[in-house]
Each structure stands twice: as C-alpha cells, then as structure tokens.
Amino acid sequence: VPSEHWKLVDLKAHEKHKVRLILVIKNDDEQVENLKRQFDYVSDPLHPKYGQHMTYDEIHQQVLNKTIENGQIVENWLKKEQNGDDLRVTSTAYKEFLVVETPVHVVNRLFETTLSTYQHQTKRQITLKAKQFQLPKVIDDKIDHIVGLSQFPLVRDRRLRSILQQQLARKRRSNAPQLLFLDNDGTQFIFEVQLICFNRRNASNAICGRFQSFQIVLQNLLTSTKPLILTVTRTDANCAVCSEATGSISASCDAYDLNDDSVLCRFFVDAVGGLFHPYNVTLRSEFIIGGKQMFSDYTIQPFEQIPDTTPNLLVHLYNVNTSNSKERDPRNRQAVLGFNSYYNRASFKFFAKHRGKNYNVRIGKVYGTDYSNKSLDEAETSLDIEYMAAMGSGILTDYFYPPPTSEDGFIEFFAQLAQLEKNKTNVVPLVYSISYGGSTRSVRKKLLHNIDVNFMKMGLSGKTVFVSSGDDGVSTDDGVCRQEFLPDYPTSSSYVTSVGGTQLVPSKTNCRYIPEAPNRCLEEIVAYTNLLTGCAITSGGGFSDYDSAPSYQKKAVQSYLSSAGKRLPPSKSFNRSNRAYPDISLLANNYAVVLQGNVDKNGFDGTSASSPAVAGLFSTINDQRLKLGMKPLGFLNPLLYQLAEKQPNAFYDIITGENNCNKKTCCSYGFKAQKGYDPVTGLGTINHGLFMKLLTQK
C-alpha cells in the first residue's frame, strides 16, 4: 500500500467501479532455462545455431508449452467462477497473459481481498490498491503475479538543457539576475533572464521600479583581447510579466515553470569571435537608488557553443552512408516504445520537411490507445520517433503505446507484441528503442523476471532491443548520493543493449572533424552535467543489482576492473561480479527536436536521444542483411563484444569523463571513462560505415 504522497480516502472502493487486471501466467522454471540456452545459441556468432531464430509459435510450442497449459487452466477457472457476474476475460495470443475486466466486488470475491481508494496529494490522481491477493489452490501455482493495480515508476531519460541553468539559478540567494538560458547562434548571444530587484526579491507583477539596465561582460577565453563590456537598457531588455507575456517570452515562462507574476527578460547582444569559442559571461543589474548608481551581485556563466545535433551531424560524425534510404526491404521495420506521452503527427511532419530533407523519413503504424491525448507531454515521443526515423532513413517506424490502465506498461507491450506475432500477415518490427526506466529496487522481482523472459523471447525471434542507460550518472533522479549505487532497469538487463551518452567539446587531442564545425578539433567525451557546454544530463552506467555478469562481456569487464585500479569507486558501491552497462554509446547532447509542430529552441539532452538514434543506424544494417538473404541481427551484445576484440576500429573509444555528478549533486565517487570498455560509455560509439561492411559480409 503506498504511503508517500498518497492519502487513503475510502477503505472500501465502490463495489461497482470497474477495474482491469492482467494475470501473468507462470512459466516453468526448467523451460525458462531452456529458453535462455536457445537465446544464447542464436545470439552467439561463434555458435553453430547463430542466427537460427524461432517464431513465437515455435517458442511457445517447443520451449514454453507449459505456459499455455497454465493459462488455459486459469482461464477455465475464471469462467467457472463467473456466477453471473460481469466478468470479461481476454487471453493473449499464447495465454501468457489473461486480461480481466470486472467490478470491484468481483475482484474482492475472487481473490479474497479488499480494494481501497487512494488519492495523490499533488497530482489529483486516484488509484485503487490492495494489500494482497489470495489465490485459490487450483490456480495458486499457475499465476506468477498480477499487475494493473501496482506501480512501476517509469522515468523518462530525457532533460531539457535549460533545466540545469534553472536549477542552479534558483539556488542562489543574492540579488543577481537569474540567467535561465544562454545561447550563441554565431552572430548573437541570446539571453533569457529572470529579473531580481535590488532588495533580493523576485520582480513581481511589474519591472523593478529602480531597475535601469543589464551590464554584460564577454571574455573570449581563446584570445588575449580585452573583455567586451556591454549595456542593455531597460527598454532593450524586453522584459515582461509572465501572465501578460506573449510569444517566446510566454513560452519560456512555461518552460522554466515561473510563477505568473515573475518578470522575464529576453534580449540579444553581438557575439565576439564566432562559434565554438569558450567564454566567461558576466551579468549584473544596474539600479538608481537615492540618486546613486548601484549594481547587483554578479551572475557568472562559463559558456561554450557546440553544434546542434541534427541528422546531418550524426551522419558525418559516425560515418553513415544514406544512399540506399529509398530502397528499403519491405520486411524491415523499426519501433519506438513509449509511455504516457502525446504523439504529435504535426511535429513529425515538420521535422521531416525541415530537418529530414536528405532522409526518407517514414512513419508506420501506431499500436495502443490514448497517444492522441494532448494534455500529455510530447517531448519524449517526438524526440524518439524523429531521430529513429532519420537514422533509420527509409525504414517504416512504428510506435507502441501500451494502454495507460496499468503502470506495468511493459506487460501491456509484450501482450501487444504477441498478438502481432500470432497473425502471420503482420510485418513485425525487428529493432526497438526504449527510453524509459527506473531503479531496479523499485521493481518487484517477479515482474522483473517476467520482463527478462520476454526480452529473451524477442531476441530468440530475431529482434534487437536498445534501452537508454539513464541520465543521472551513478545517482538517481532524486539527486541523492548513496553508499550503494542504484542501477537502472531495464537498461541493466543482460538481454538488451544498453546505450550510454556522449557530448562533443573543443579539444586539442582525440580530434573528430565534421562539416558542422569546420576545421575545429572536437573530442567526443562522456555526456556529463556541466555549465560550460550546457549539457544537463550525465550518462548512466554501472553494475546490475541482481544479474550476474553474462559470458559475452566477462573478458571486457574484467579487463576494465583490472586496469581501473584505484580509480574505481569503493567496492561496497557496486557488485563487480554482476552485469555491467552500458554496452555502447552515442551522442546525447543538444538534439534539435521539433515540438508542437515547430522547432524547439532548447536543445534536448539525454540517453533517450542516443538510444533511438543508434537503433535506427542498426536498422539500416539489418536492411542490407535482409537484401543479401542474411538473417536479422537479433540480440546484439555477443557480437558487439567480439567485434570490439577483433575489430576495435569499429568503435570510437571514449576515454574522457566520468559519471559521478548530475544536475542536482556531485557524488564522491563514480565510474571513469578509460581506454577500452568502461561502465560509462561501454565499448564506445560506432563507426557505422565499418559496422555496415563487417556485418553484411556473408
């Protein structure tokens, strides 16, 4: 029963209120072990059965047949116990899930429980909860667990870069203006500032009466020239009360979650030196008090412009050939899995027209319900679909949206997928990207085990699953540093490919050159929270809480542990004998995304950008393999680690950065990037051109 933030409002829920349960049917333990063996065989390039994938029919008939038998027993019991009540039972394709829709009083009778009503104290949500269900003996060993009335806290692995400035500004207790947004388009600096009066109080419903101007000092750190001192007058500062603001100022008030009475100023000053130069930017307010000129405290912001991440930049950075994007194999599709997000087709169409001109960006089918609810946030869905479709250029991109009746949305997704597999007329996606997760310890072990079983079924049937590694480093989104790190799930599962994040910074070593930053040496390093580049996330990574190290990565991880030595966190912080993640990485900083039918001004950061982007890139490799009569890649990890050993040039090794800090705190310890594998960026980012060559040779 929940306690924090939830208040009991009715011990006995209204008996006629309808609820929806999913009964997850128990798999036989021996058969699950056999499933894992078959999964390992078809995924290992060195095994004779490599690539000999099975259909879902074959999996359930030859490997998991007892699951169907158990499901039939439970379904028969439910029908027998109906007794004239309103009880609707729907079995999924292979009876691994039974969906039960019935009033509260029937649930109470069938499972000897009492459903109670709780209300969330801040979100105005209402939920029904039960302390426990009692299962009759006839089905007690046939049901693994019941979902639909329990919580699985899913956290989107995505952050706006402006959040970092916002959080830091709110911590300051001075009369310095609060710099919420700073950018450089090559010719001008763009400032967005919350006005603070001289008495240290926020400007409220009006511009501070004695406010005269902003004084700005721009110091180019690459040149020896004197700092440039600029003054922006009260008139030119373009300040407005949020409740009265329009256009971009109104949108920024909403983005920064400012109160209606707050005053936001938005103005421009000429840049010095052009793009990709580091600056110190100093800002203070001028006031006239008692006839005297007075200044506020300083706000000092280091700033370094980086190129916007666009499809073109990713293509150039990772050596991608897009020449075949209009001749894709009709058997090849890819998919994004989303939760509780609005899918805005107008945003995708705008992206296809303005950001995807050189790409054959195609949307496929949408599975699920309520994805058209405009009250939901669209950022995650737009980001995922836009960049998976662009990097998987020309391949139809489907969207799975599990029904929001259960917070255990993964179970709903697996049920949808099984239904598609059962109907042989469907072209089921081969590559999937998941940008959601939560602390492993927040997931019930039975649910976690069932999710892993379904990931194995996906891999055994030739599907590839990518999952974002998280955006909070070794901490969690609450910013708390713990003696024992909290790994994320499902990214720490041994049956998915975990994707970490990187960023580009100007450098003098490990140079990467792209047309978007002509003649500039850029180094790809760990994506970590810092003011200079404005990166607002830190790539998640570490070691699983529950899953022992899989054979495919033992050699690479042992090499890391041996060479890292004293750079490792304390041994009590992580289990060095368990599964390490991520497996690979991709750029995760400053993505140009279309929202609400138009280009969003803030770059998006997150491993939930790197996951769909890299998923799309591997979809193009699958496409070429299908054309050549080869099998799809399926579960990727054994292949990745073997390639890293035999063809290291297929990866761009990331050797700089660590993941101990995030937007809320800096922990004493974290994991550091180094040569070879590390649990921050995995094996590194990919040389797609070389991957394509190596993986399409018969």
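Positions of Cβ are set from backbone N, Cα and C atoms, glycine also.
Among the features that TrEMBL reports, domain 'Peptidase S53' is placed at 308-698. Annotation source TrEMBL lists active site, charge relay system at GLU380, ASP384, SER608. If you look up TrEMBL, you'll see ASP653, ILE654, GLY676, ASP678 marked as Ca(2+) binding site.
In sequence order, GLY541, TYR560, ALA564, ILE654, PHE671, LYS672 make up the list of same-chain residues 6 or more apart from ASP678 (Ca(2+) binding site) whose Cβ falls under 8 Å from its Cβ. Looking at GLU380 (active site, charge relay system) and SER608 (active site, charge relay system), their Cα atoms lie 8 Å from each other. Take the CB of ASP653 (Ca(2+) binding site) and look out to 10 A: across all protein chains shown you find 19 other CB atoms. What surrounds the Ca(2+) site, by Cβ distance within 8 Å of the Cβ centroid and not counting ASP653, ILE654, GLY676, ASP678, is the set ILE655, ALA673, GLN674, LYS675, TYR677, THR681, GLY682, LEU683, GLY684 from the same chain.
Within 10 Å (C-alpha to C-alpha) of ASP384 (active site, charge relay system) lie the following recorded positions from SER608, ASP653, GLY676: SER608. Taking the Cα atom of each, ASP653 (Ca(2+) binding site) and SER608 (active site, charge relay system) are about 21 angstrom apart. SER608 (active site, charge relay system) sits 23 Å from GLY676 (Ca(2+) binding site), counting Cα to Cα. The predicted model assigns the domain 'Peptidase S53' (308-698) a mean pLDDT of 90. Taking the active-site residues GLU380, ASP384 in turn, the residue surrounded by the fewest other Cβ atoms inside 10 Å of its Cβ turns out to be GLU380. Within 10 Å of the C-beta of GLY676 (Ca(2+) binding site) we count 18 further C-beta atoms, all protein chains included.
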